[in-house]
């Protein structure tokens, strides 16, 4: 069975959640990273876990459920790490990742990792994004102008984190952006990201030409006050880069990128996000909002991958990374998009070089354009690879990508596909302990401990249901074979007999083996099996 | 719309099928490789397309629907290629792949590619498996002792090839193996592979100890007469290698491998497949059955990947490859299994080195063990990568892997996931023309040609259904936005406007742009959208 356990840190209030799976026999329990949060009443919201931690640092004036930044303070994890301090948040993630707290502090201080923790989102359980740590997964949710409701989005948040989403982005557009976001943040134990330009655009009736720095700035402050942990800002879409995207097969596919491009062209002025970037940094620093520097010129098709427009913007993001760091602000960098497999590594290498190791946060990438309705798979391939090469967080893609708004089933399909990609990347990176999970499951499989196998599965319910579809009755749960091969052909069963046989010495025992009937499989007949 | 077209070769009887997708406007139609076959009445079977080709060569005595090999002849594609002859089968696949016939012939002559075409399976449409050609996908079907029927398996065959399976393996066990196989071969336009040891084992009541070379040989002849195009033979599971697998987490997971290991240990004798390999070659040569040298010691878990047992067997497969070639028999080599991403390339490199470029045919590999019920995804990641590194054919894995026998939906899910992996690999290898499909679909997407996008999709039905789930009404099919972003936020729409704008000259037009209202998106309101 799976249950939630807590590991206590240096003091009782610092308790780090894990999912513990008890196994049968004398097999030790397996502990897994757990993103599901403490569970909440949506009407009340979650308890402010980090409230006392934030208050104790004294750089934020406590208010109900969070704090108001004091003038001139930059209460960011980056600032603390540079000062050599291990914050409560750092200790929490160190326990969560099974690494020394000093590694967490040092990676943050170097800018190679971020802990997105707005002082006004005390409900969150700290998590870290960086190449030295477990690869993370983000799930996008949010209302659109055409469809979906606030309650549905909170439900999707809970659902996404149940299946393992490490952060959630609220990409709501339409009329109820503020209300939707409030409901999401107050109920979220994971960091919440947004793209503030979407709300800014609503404020000017959807006309990008009417946007201004002032409207954007006020929107950022509104969202920072509310507790948004990281914000996508398309400050790298510069006026001179826009012509580079004009002859693409799919032009500009980033919503934020196209909005900023429209503004730049209409005014024939440089991107106001770029021009006011230092002021923006000061705002984010006060709340410890993390930058997610958006790739507004990311490729939207295989044909457009790794082109001049994409890499021109990436160079600018490298420049802006240093500006943000100079202001004590945590930064990660967004990446593509649609990229064929042989061009994936170049993306990570160039990003790491230009952005001095700031965490990379990529959408997919999709490795082919031909499979709408299956882009969770086309992109899980690219996501696993880019994770192996060093991407720190993978933004999921659901089966509805390009086609419609994801529903509950799509959210689950996307998260599961991306947890697979992230874990495959952890294995390939040789992350300490990552393979323990695989080993425990494979051992259970080899020993026909079906219930253990189901309980260890990324999705226990579906694994159990698929098994039951062919061999539904209870005895099959203890059967030493499965429906794929039936009792006579079970290679695992044969090997188990071989193992016992080999243990007794191979040569001398061959006669005995034959004399005993030479049966290396269970003498269950097909008729027996069918009667199960 | 999608329709079947034929491209005529050097004579009217040689007609190569393609799926042609007509697009709207002045966009040229797109032609795709087509595996669906001519369609058949299951009671009658398919017409013997290759009957006259085989007869005309004069080395097989014609009988109804095929031929009986003449004594001493080796009517294999390998023998013809070595003699410098371009057979009808080679011409067919050259047209199918869009490559020169001389390349096909030369790759076969060098052993780097195979065309699995039993002289007694004249119903098949020739296809080629080799690293220089499109990456292929195999789908496994077959009855088991516990479940499924003959009619179901023929239905799965048709279903699998409809979605793009290039070959199908009949892995039936249980009582009706011969009958099931007959129905499958007579209705199959793709090569059929088998694992003859399964049927041989049925003949000895499922007791591996009672197996013998004679029983196996007679089974191979029976299947070769019937028309099986390629056969998995576990001749590399040698007695000294078996102890290498004993301490694994999951031992021996190949059914054939465990059966042969049981036989070797019980008799304490060397594998009879290895000892009689030359005679086996002579049988396969007479029918042009292709070897698929099985990897009986493939890893069944991440922990066991690339270990001594696996690579010891691979070395023996390299040796046997040369023996087969000496007898004029076509050969491919089977590969793993479960392999973490960073260990995948070593598999291909070593196989290509040890087997002198013989085509590699891999199961997955699964890149993690933690996701039973999603192993089509865990393995599509590995399959795409191993395809990029040079694997010629990918054996699919369905969502039911490790849990149950795949049903119709699972077969489709497995084939689709693997067609994605294969195409992603084709792109990464820079296969000529592969990207045309992606480009056509992305251009349709960018231009909001929804029907073209659906028709070009790998699975048009599901893509259309997902779109309709959010925006069901007919006008949405011509809408210049989709439900993800709604009309105001559509980046593709904005970019299209930018393109038109840029085409007129950017600087001079900015005033005009603003004066005209500066709207770079369609002036459709959210209310309009909801009324669609």
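First residue shown is number 1, and so on along the chain.
Glycine is treated like the rest: Cβ placed from N, Cα and C.
TrEMBL annotates B:169, B:198, B:234, B:254, B:255, B:256, B:295, B:296, B:297, B:298, B:334, B:361 as substrate-binding residues; of B:140, B:187, B:276, B:347, the candidate listed for that same site is B:140. As a summary of secondary structure, the domain 'ThiC-associated' (B:3-60) carries 7 helix, 20 strand, 31 coil according to DSSP. In sequence order, the binding-site residues from B:140, B:198, B:254, B:296, B:298, B:402 that place a Cβ under 8 angstroms from a chain A Cβ are B:198, B:254, B:402. In the three-state DSSP scheme, residue B:361 (substrate binding site) is classed as strand.
Residue B:140 (substrate binding site) is surrounded by 24 other CB atoms, counting those within 10 A of its CB over all protein chains shown.
A separation of roughly 13 Å, to the nearest angstrom, links the Cα atoms of residue B:296 (substrate binding site) and residue B:338 (Zn(2+) binding site).
The Cβ of residue B:361 (substrate binding site) lies under 8 Å from the Cβ of B:129, B:138, B:292, B:332, B:333, B:334, B:335, B:391, B:392, B:393, B:394, B:395, each on the same chain and at least six residues away in sequence. Cα of residue B:256 (substrate binding site) to Cα of residue B:402 (Zn(2+) binding site): a distance of 16 Å. Proximity of residue B:402 (Zn(2+) binding site) to non-local residues of its own chain (separation of 6 or more, Cβ distance below 8 Å) is seen for B:372, B:375, given in sequence order. If you compare every pair of Cα atoms in B:140, B:169, B:198, B:234, B:254, B:255, B:256, B:295, B:296, B:297, B:298, B:334, B:361, the residues listed for substrate, the longest distance is 20 angstrom. Annotation for residue B:254 (substrate binding site): spatial neighbours B:234, B:294, B:295, B:296, B:297, B:298, criterion Cβ-Cβ under 8 Å with sequence separation of six or more.
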